[in-house]
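Colleague: My questions will all concern the structure given below.
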């Protein structure tokens, strides 16, 4: 995550975010004293999760394996991978290979484009993995897979961005792998509402600034993809709706992997979904499923509010997409340093948050 902590801009950005939150239709609209019948693009605002019981939670968490994730997915991503680098290509191929090998039958696409940077034109490639492209509505879980570009160091070290965002990438791949059976069932369902709701995983390229964070030097992948989705009819052949309107909720993971993270609420219009994360965390703790965990160091805290942070959700937020931003506050101490590496990751924390996220996704998709 490359967004600098620019306090001078925080208040102005908060006003923008607040205005957008208020503009989002959280309740059915009334005209002339009667309630208009909401179309499918409005269903996200009344969507309800299927709360998993203890038996289901135990089954879900038994399917995930942090050690396997560490070896099979995290290690291949913990390399220098700034846009256009050999490492970027290698990580992109790894992500696609892992998703294409699952039984659920993901549609895995590369969104490749060129954009001007402080170093001239560069090629970027987002990865979009869609469980059921024919579904009208999609829960989106996203992160960025690029690492920040640093000039060659005298000691030969390279920036691998372990929390930023190798770990979120690995967590998303582990989510797809461990929930493969349930997601296969969801894709095969032909009856509403399951047939109309699916999952999309997005791995953004070019989140980081090459030189200094600015509107033109940052968020290359998300800016391009949001614009593309806004101009792409959805469902296919539609005349009045597009892929942006097909996003139910945009869950963005960033800077995850350090010990004792604290996630505050950034957007009030999605606070009810943040509350589900908090409740799931408590349920897992009550069931003894969180490792090296103390309730005094709770991860998700709905009583904490923070100004929004600039990240890959911004181009989608500006187009009215509901955002759930999972980025800790404060940032990890190793942020944007060569110390953001495997040595400074905390495996129990990653395992715990991964379990919480997997339960959340199943609940949202009504796969309880």
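Cβ coordinates come from backbone N, Cα and C, glycine included.
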Colleague: Of 110, 208, 296, 363, which does Swiss-Prot put in the Zn(2+) site with 164, 336?
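Modeller: Swiss-Prot names 208 for this Zn(2+) site.
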Colleague: Are any of 143, 292, 336 (the recorded positions) within 10 Å of residue 207 (active site, proton acceptor) when you go C-alpha to C-alpha, and if so which?
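Modeller: Matched recorded positions: 143, sequence order.
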Colleague: Report, in whole Å, the straight Cα-to-Cα distance of residue 254 (active site, proton acceptor) from residue 336 (Zn(2+) binding site).
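Modeller: Distance between the two Cα atoms comes out at 13 Å.
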Colleague: What residue among the recorded positions 207, 208, 254 has the most other CB atoms lying within 10 A of its CB?
Modeller: 207
Colleague: Residue 208 (Zn(2+) binding site) to residue 254 (active site, proton acceptor): how many Å between their Cα atoms?
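Modeller: About 12 Å separate the Cα atoms of these two residues.
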Colleague: Could you give the Cα-Cα distance between residue 292 (N-linked glycosylation site) and residue 254 (active site, proton acceptor), in whole Å?
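Modeller: That separation, Cα to Cα, works out to 22 Å.
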Colleague: Can you tell which of the recorded positions 143, 254, 352 lies nearest to residue 164 (Zn(2+) binding site) in space, using Cα positions?
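Modeller: That would be 254, the closest of 143, 254, 352 to residue 164 (Zn(2+) binding site).
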Colleague: Using residue 254 (active site, proton acceptor) as the reference point, find which of the recorded positions 53, 143, 169, 352 has the shortest Cα-to-Cα distance to it.
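Modeller: For residue 254 (active site, proton acceptor), the spatially nearest of the recorded positions is 143.
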